[in-house]
Structure formats: structure tokens, C-alpha cells
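First comes the structure, then the notes that go with it.
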Amino acid sequence: MAAGGGGSCDPLAPAGIPCAFSPVSQAYFALASSDGHLRVWETASNRLHQEYVPSAHLSGTCTCLAWAPARLQAKESHQRKKRKSEAVGTCDQVDLLALGTAVGSILLYSTVKGELHSKLISGGHENRVNCIQWHQDNGCIYSCSDDKHIVEWSTQTCKVKCKWKGDNSSVSSLCISPDGKMLLSAGRTIKLWVLETKEVYRHFTGHATPVSSLMFTTVRPPNESQPFDGVTGLYFLSGAVHDRLLNVWQVRSENKEKSAVMSFTVTDEPIYVDLTLSENKEPVKLAVVCRDGQVHLFEHILNGHCKKPLTSNCTIQIATPGKGKKSPPKPIPILAAGFCSDKMSLLLVYGSWFQPTIERVALNSKETHICLERDISNCWTPKVETAVTKVRTPVINSEAKVLVPGIPGHHAPIKPPPPQPKEVENKRKLGGNEATIEERLGAMDIDKKERKDDFLQTNSFPVLLTQGLESNDFEMLNKVLQTRNLNLIKKTVLRMPLHAVIPLLQELTKRLQGHPNSAVLMVQWLKCVLTVHASYLSTLPDLVHQLGTLYQLMESRVKTFQKLSHLHGKLILLITQVTASEKTKKMPPPGQKAKLVYEEESSEEESDDEIAEKDSDDNWDEDEEEKDSEKDEGVDEHNEEEDEDAEDKEENGEDRDVSSEKELNGDSDLEPENESEEE
């Protein structure tokens, strides 16, 4: 079973990289790495058999792959045997390999010819292909995609035979029944389709996340007394993204039961699943490779419900041999595992995706946990030293002549080298007859000063950067790393060789600890390196040790940012308060002009005087009684005594003279009115 593409940035994309063993004898192992290359390895000799790079490997990377079934290969090989021009060996000869891409196309690659057989494009998918399944009899291909559709292809005409909507969301996995009449499809729910009518036969609950593994586990139902319709009673297995349970379902004749009958529990998300089909009540053997690099082996007889999740019978891990405290044992991730044809041994693929190791392991042990010690130090990616030692400098003797630009066929004799200091001569004596670069440049009449200026003014930043890192030339590195052009930085990082990535990160780590102005530029370089070369860095075994200093440096600086932001906020509050108080102090005092209140009072006084002058003696008592009533309504408790005195005076006959005096002075109505206004 091929795992899904792990190069996608989608958090719900399946982990792992598309890979699969060839059918029947498992003679080959196909692997589509994240760089867009298809590599086919021989499982017996662990040798690279073929490598194929599609023309659109960068834009349309491989997302899934599937080998043609053994029956089809046997038919094709039988037809080829009749041709004298094509000599084919056994009927197990591996031939077609279907590759699904991220742009929706499907490629058919022939491993016999070592080239592309055909391409399925027209009328197919509009988005990435998630799974491909071959029909074992008629040679059709079934594919599902993120565009919610399932497509039936004809491999002879390379055209679409049928296309229908498989789900309301993307369809992530497919599986064909043993008799070839039914098709399982899964997104988050699982559906069983009748291939002839393209109608849904059964619905199953499915998983909370997209299903990444889907396969039948039995050929015939355990109860043979009932007539068999090809699918009723069969069990099938499903595993999903970020789900540590593999569920087992049973196809019932009635449509009531939709839940799983049992489940297998593992330690992490399954990235590769292989099993042996059960016949005549045989136990099912299951091998599950998890994202944490372990293999879990299960052996169980499928017979109805089982409430508790089943744990593995055996767990296999691989680690490097420890050599003291300096180099403790390190785990080696297992990438894929498949049962051999005898069902008593297991093929393990472990190590790096670019240089995997394939080993056959016997399953005789009854131990529940097996840890294999393997030394794969020679299988990792080449180091810097191996790349440098392959470069050889040509040896030029005195009889050799160097061609210069001009008329073809003209030669220029080699000039004697200019005199140099003894120290330089001792350093450059690498070989007896070997000429230095300066001698060769001198033979072409190039001045020494001009060469230095031209060298520093070159636009080949990747070359300058690589040479500066190898020779540790401070001036050369400054010329490259102190550029502020972001576009130039990106182009330089894209074109630099892979073996210079780690030295560049070490140089950037040194410069980040220096002046803050240089650290600003180094962050731009660091961002480009980590984004462009992330796939290469993820393959290095000792990446944590090499980038530990950089991580600690960044972590220590980030911790201070939160404290600085709190301090910055407090300072802003203080500064705004200080500036606000200074502004209030600098404001001019208000003018001493008369306000509206005083204008109203003065107008009331004038009106009262006028009223007092105009009042006649005849109406005095009535007006005074009205004013006294107004006083009683508007005056507080504190002024009640004054009102009593005024009444006594009225009784004694004194009120008339006093009130007339008050009216003339403008005092009688002012005081009570002012008091009522204050209230």
C-alpha cells in the first residue's frame, strides 16, 4: 500500500512519501521522493535499479503510486514472449507503474523500457491525485482526487471511461474488492460502490480525519454456509491521518450497522500498511509502519466483534550501535515494511529516503519487542569532503600550450612564472610539475591587479559564497553576505551547492552574535536558507547537534522581546501622561470677562426694579401675597425663620415700609430666587 505524499503543507495530508513493493515476489521497491524523482530499488541486492525524473517534477510532484497487478503483468509478458525483438524473462517481470501527480495527471512508467509509457490527462482530475488502484482483470485504473471525483481510466486508450462524484469533500483513498465488482472509496466517510452501476451499496461511518489506508483483509467470509455474493461478510481495514487506531469493518447484508467491529492500536499515525489476505479462517497478519519509525505486527483471526482495541504482538525498531558516551545509540526510522511471499519473513526499508537500506528479517522470534542494531553511516548523503576530493587539478608540463582567444589554431607558449616569495612557493608546491593558477593566468597575459578587481566585481554570488566558505575568506564572505538586495539573496541561496548549506548556517550563526546591524542582514539570509533547503536539512541525521547553537541563540533573544514589549507599553503610558500634564500647564488662564450667569442676574435686577416702580399702591397687597407664596414654595428649611419674621412684620404694620425699601434697593426678590437657583 502506497503512503500519501508528505511534501504537502496541508496539516491533514498523510505523512510519509509514496512508495510500494512490486507484487508477488517483492523484487522491486518503488519510491517517489520529495524532489520529484522516481527511484526503483532491487530488494535482493539493495541496488538502485532505475531512476526517472518527469519533465514536470517540480510543478507536479508525485503524490501516489501503484504497481500493475501480477495478472496483468503475466498477460503482457506472455504476449511479449512471442516477439523476438523483446526478450522478457519470467512472468513476474515488473512492468507498468502508475504515478499520480499534484496537478491531476497520471503517468504510466514502464520499468522494462525505463521510460514513460503513456500519460492520462484529458477529462480527468482538476486537482491533486490522492490514490490510484488497478483493476486486476480488465486493466482499468481508478483514481480519486481533491476535486471530490472518482475517475475510471482505460489504459489502452488513455482516456476517461467514467467520472462521478465520490464525496462532498475530497476523496483520499480507494480499494477494489477481491472479486473486482465493488470499489471502496473514503474521504472522512467510507462508501462501497457497485462498479457496474456506479451506485452506493453501503455507507460506513469512517474517521474524523481523511482516510489514508483502505484495503480488504479477507477473500471469503468466515461463515461458508450462506451463499456468497462476492462482498457480504468480508472484512476491510481503514487507517486515517493523525489517528492511532486502525479500524476493521464488516460488510453486512443489512444496512443498519455502520460502525467498526474491531480496531488495532499503534503508537503513531500509520504511514505504510501491509497485510496478508486471510483464507479459510486463517489469521490475518498485519504490519503497520508508524510515523515514529516503528513497525507493529499483529496476528488475529477475524471473527465478529471485539470491544477492546488490540495491541501489537511484536514491535520492531532499528538503532545505530552506541560507541560510548560521545555517540549514544540513535533510532533509525523504518520507512516501509512488506510481507514476503512465504508470509514468514518481512522486508524492511529504513534509513534515508534518498539512500534507503532494504533488509529481509525472519519472523521466528516470539519476543514482543525487537531492536535491531544497524550501522548506516555509509548510506547517508555525501559529506563535503567526499565532494571536494573528487575534484582534480590537471597537470600541465612545459610542452603544453594554452589556447587564447583569437584565430582558431593559434597557440601561445607558456610564459615563465613571475618571481614569488619563498613562503608562497613552499605553500604551493603540491606537485612537481603542477602549475599554479597564477601561472596559467600569467600565460594568458592577464594583469594581476585587474584579475583581483574583476574577481571581486563578479556577479556570480553562489561561486563567491562557496569559495569563501571553503577558504574561510573574510573579505569574500563580507562582499556576499552584506548585500541588501533580497532578490539577489534568494537567487544565491537557490543556486548554491547542497554541501555548502551547513557551513553557511554556521557562518550565519557566528555573525548573528556580532553587531546588531549585521544581525539584521543575517536574518534575511537565514530565512532564505531555511525555506529553500528545508527538504535537504530534514534528511541530515545530526541536524539537531549542528543547529543547536543557532536555536539557543534565537530562543534567548526571543525571550527578551516579551519583556521589552511590556516595558515599551509602560513607557508609552508614562510619556503620554507627562506630555498631557505639560500641555495643561502651558495653557493660558481664562479671561476675566463677565459670564452669562452675571448677565442673567443683572437683567433680573433691572426687571424687578422696573416692576417695583410700575406697581401701584392699590395692587401692592396682592402682589406681596403672591411673592410670599412663591417664597414659601422655593425656600429651604434654613430660610423658614426669615419667612416667620416677615409675617410678624406684616401683622404689626411694618411690612409695608420695609418691603418698599427692599424693592427700591433691588433686594427683596434676589435672595430667594438665587437660593432656588442654587438648589
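Glycine is no exception: its Cβ is also placed from the backbone N, Cα and C atoms.
Note that TrEMBL annotation is computational and uncurated.
The following features are taken from TrEMBL:
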{"type": "COMPBIAS", "residues": "599-654", "note": "compositional bias 'Acidic residues'"}
{"type": "COMPBIAS", "residues": "655-665", "note": "compositional bias 'Basic and acidic residues'"}
{"type": "COMPBIAS", "residues": "666-679", "note": "compositional bias 'Acidic residues'"}
{"type": "DOMAIN", "residues": "472-574", "note": "domain 'Small-subunit processome Utp12'"}
{"type": "REGION", "residues": "407-426", "note": "region 'Disordered'"}
{"type": "REGION", "residues": "581-679", "note": "region 'Disordered'"}
{"type": "REPEAT", "residues": "122-157", "note": "repeat 'WD'"}
The domain 'Small-subunit processome Utp12' (472-574) - residue tally per DSSP class, helix then strand then coil: 85 helix, 0 strand, 18 coil
Sequence-remote partners of the repeat 'WD' (122-157) [C-beta within less than 8 Å, at least six residues beyond its ends]: 2, 4-5, 8, 63-69, 71-72, 96, 98-106, 108, 163-176, 180, 183, 185, 193, 214
DSSP helix/strand/coil residue counts for the repeat 'WD' (122-157): 0 helix, 18 strand, 18 coil
Integer mean pLDDT for the repeat 'WD' (122-157): 91
